[in-house]
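TrEMBL lists 1-183 with the feature domain 'FtsK'. Among the features that TrEMBL reports, ATP binding site is placed at Ala9, Leu10, Pro11, Arg12, Met13, Gly14, Lys15, Thr16. The feature region 'Disordered' is assigned by TrEMBL to 347-383. Look at TrEMBL and you will find 373-383 tagged as compositional bias 'Pro residues'.
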Amino acid sequence: MFALMIIGALPRMGKTFLLRLLALAAALDPSAELHVYDLRGGADLLPLEPVAHRFRTGDDTDDLAYLKADIRALKAEMARRYKTIRSLPRDVCPEGKVTRELADKRSLGLWPIVVVIDEVQVAFDNDPELVEIVTDLGKRGPAAGIMFLLATQRVDAKSLPTGFSSNPVLRFCLKVTGQTENDMVLGTSMYKVGIRATMFARTDRGVGYLAGEGDEPVIVRTAYLDAPAAEAVAARARAARLAAGLLTGHAAGIDPDPDTSSASILDHLAAVWPVGEEKVWWDDLAERLAASYPGLYGAWSGEQVTAAVRPHGLRSIQIKRTVDGRQLNRRGLARTALAAVLDDRTSDGDYAWPTYTPPPAAPPAHDASPSSPATPDPDPGYQ
Ligand SMILES: Nc1ncnc2c1ncn2[C@@H]1O[C@H](COP(=O)(O)OP(=O)(O)OP(=O)(O)O)[C@@H](O)[C@H]1O
């Protein structure tokens, strides 16, 4: 379960069918959050749309922007998860990794995230930042419960970055034509030792070498599931999610606004800063960020916002407020401090503070989006 998987083959050998099969298996676990991308823009992954938290098919600029915003958000999510993991007592999390038991403790926010990308080379071409983030997520994501299933029909160093190969990984290679492609999918020297996916015939659809499961690579045939069967499985998975209150994101009609600008969290804080307020609690800022940029800050806590801005020199201050007649004293940020950092960043020392635009209406009440921020502590007290 906690593994990166790469699938490579010539076209029409059964890559997409296998991706669909694996994604459907994940979909039947209502706690697994699915992010599904078919960059070829075909119809084979459409049955997954009713259960996918994030979903796109196609390779238009906005499809790629949506994917990138999602991948950036997953990078932040991985950081949040590692922080959570580190905060757990050793007897609960002895190996510093997500386990099935930890994934099932909903309040920890460590449920499985399964990212499926078909024809991944389309996203990687000319986007070194995406390659870097996905490589990092491929390496460190599985231990944090974030798993990638990547398929490509163009097997080369650009579509399967070398960073992947040094890590524990499931590899599935359907028919390929040469030694280089064979070894890129299955691992170095596999061809030399006789593990050759070149020997398969073009009629061997769904048949390939699977490495990473057991000591030696084995030849397996994937279970064949046609589109109507895939739709039936997805319908069952959707019903299970609805029943568990876990239909989220795209499947629940809530999608992120892709944020492809180079704006940083500082610009985003300025954009969501409540008009007329001089000091704001971190938790309120986290809530506002999540509402305005769900794809980037959907699951962030006040503590994460604090940690993210600390490298910019922003420090917490104590802010007293009276709420329902009670005096509350929590940590937050002063507008002047944020303004000073933003001013410093501009050439003329005068940052153009954006006008606050309220986010779109709140999601329907039945949605239990795992991205929604956890109920804040009465007084988190972080620095
Ligand atoms: N396990 C299987 N058993 C028998 N036939 C299969 C199996 N898996 C896939 N096929 C057949 O192979 C055909 C091609 O599969 P698929 O679309 O997954 O290939 P692909 O490698 O993703 O192709 P492309 O690169 O063009 O997207 C399918 O139409 C399907 O009929």
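Going from the start of the chain as shown, residues are counted 1 onward.
Glycine is no exception: its Cβ is also placed from the backbone N, Cα and C atoms.
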Cβ-centroid neighbourhood (8 Å) of the ATP site, Ala9, Leu10, Pro11, Arg12, Met13, Gly14, Lys15, Thr16 excluded: Gln153, Leu174, Lys175, Arg205
For the domain 'FtsK' (1-183), the mean pLDDT of the predicted model: 92
Neighbourhood of ligand 1 - binding-site residues from Ala9, Leu10, Gly14 with Cβ under 6 Å: Ala9, Gly14
The one of Ala9, Leu10, Met13 whose CB sees the fewest other CB atoms within 10 Å, among these binding-site residues: Leu10
Cβ neighbours within the same chain of Lys15 (ATP binding site) - under 8 Å, at least six residues apart: Ile7, Gly8, Ala9, Asp118, Ala151, Thr152, Gln153, Leu174
Count of other CB atoms lying within 10 Å of the CB belonging to Pro11 (ATP binding site): 11
